[in-house]
Amino acid sequence: MNTPTHTHPHPFGSTATIRCERAAAELRTGRPVLLIDAHARRHAVMALDSMTAQSFATFANAVGNTHYLFLTPVRSNVLGLEAPQGARIPLATLSYDSLAKLAYLRQPTRPTAWAPGDIMDAAATEITRLALLLPAIVAAPLTQHTEHAFADCQTLDLADLDTAAACASTTEYELVTRTPVPLRDLGMSEFIVFRGGIAQRDQVAILIGRPDLSSAVPVRVHSSCLTGDLFGSLKCDCGDQLRHSLATLKALGGGVLLYLDQEGRGNGIAAKIRAYGYQHVGLDTIDADAQLGFGPDERRYTGAVMMLRALGITRIQLLSNNPAKAERLRAAGIIVKQRISVIGQITKQNEHYLRTKVSRAGHDLDIDALIMTSQRPQDPSETVDGETVKPIAKTGHA
């Protein structure tokens, strides 16, 4: 008598999300990843950000010098290339030292040989985003003669990226823990930690006061800014916005501040500090990011939406100067009844940054009017490096 057999998935089997996370971890540690498309084409890819001269030479030798550098459409435009799908630059005759110049250098030499990117390159760039690496890829198509060198590398089907993205937008975030925390000038608050999304990062919701969940809840969706929030950088107004938002939530009778792990508009702290270097020589915040291959704003708000839903919040008053943020939350199903502007201090160091956010990112802020109506502080503690900081109205309505 034959015993029927049943195929059961392994209880600790892999999923599309797990495979994407593993691929991101491999790139971040300087290892190649093998990408496979629907036609069974195979590409080996590495992130330039985590490569060394030695690993570059090893990769080039393994693929028989068929490797190329892929640059995003944004960086390609910086190079003067009309490449809406990004650009592949052949590397057979180029040295490792020349890669950084093509990928990051301001005003580099325009490459003469290049080809449009394709779906493989877009997928590889998405993995670098998950890994918080700069979006410059060294890649090569593989053949039966070259693929053996990558036999032990993480393999990722391009369909996994689509599946993982779909899961991230539908899978609820886990509430890990919550506890009361007394805050200076704000009284008792509650810190609520969520975990979810690709990479399972922890995100924090801070409950101020006792908001009425039956009406539109005041909410600030705040992206982390180490330099501004913690160290008081004068290059941005993030720290002011954070503190003024918390004060506004208290004044409105209570609300929620979502503190998201999205340093540098989603690009990561390393990319942000690199971009600061370009700002130091005169580029604005958007052009500085473009030098590195990033678009104006790489943030995604899936996590914020999931956290709000977990808290039972679907209608909000959004504390933000950014109309695009409100629209993206609306597109995800959150009802934004009102947008309340959040205004910080204008300094000599951040005025250009704020004007760029208005002129190029569409933020709703009348900087000239705010400067004209502000009162200069009399407290000598408001002087920084001999320069008087100009405080302005802390809240207002758009």
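Glycine is no exception: its Cβ is also placed from the backbone N, Cα and C atoms.
Going by what Swiss-Prot states, the GTP site holds ARG220, VAL221, HIS222, SER223, SER224, GLN241, GLU263, GLY264, ARG265, SER320, LYS325, and the candidate of THR285, THR347, THR356 recorded there is THR285.
By the criterion of other Cβ atoms within 10 Å of the residue's own Cβ, the least surrounded of the binding-site residues ARG220, ARG265 is ARG265. Look at ARG220 (GTP binding site): DSSP puts it in a strand.
A distance of 14 Å separates the Cα atom of SER224 (GTP binding site) from that of ASP297 (active site, proton acceptor).
Summarising the environment of ARG299 (active site, nucleophile), the number of other Cβ atoms within 10 Å of its Cβ, over all protein chains shown, is 16.
Of the residues the record lists as binding GTP, namely ARG220, VAL221, HIS222, SER223, SER224, GLN241, GLU263, GLY264, ARG265, THR285, SER320, LYS325, the two whose Cα atoms sit farthest apart are 22 Å from each other. Nearest to ARG299 (active site, nucleophile) in space, judged by Cα atoms and limited to the binding-site residues HIS222, GLU263, ARG265, SER320, is ARG265. For HIS222 (GTP binding site), the same-chain residues that are 6 or more apart in sequence and have a Cβ closer than 8 Å to its Cβ are CYS238, GLN241, LEU242, SER245, LEU257, LEU258, TYR259, LEU260.
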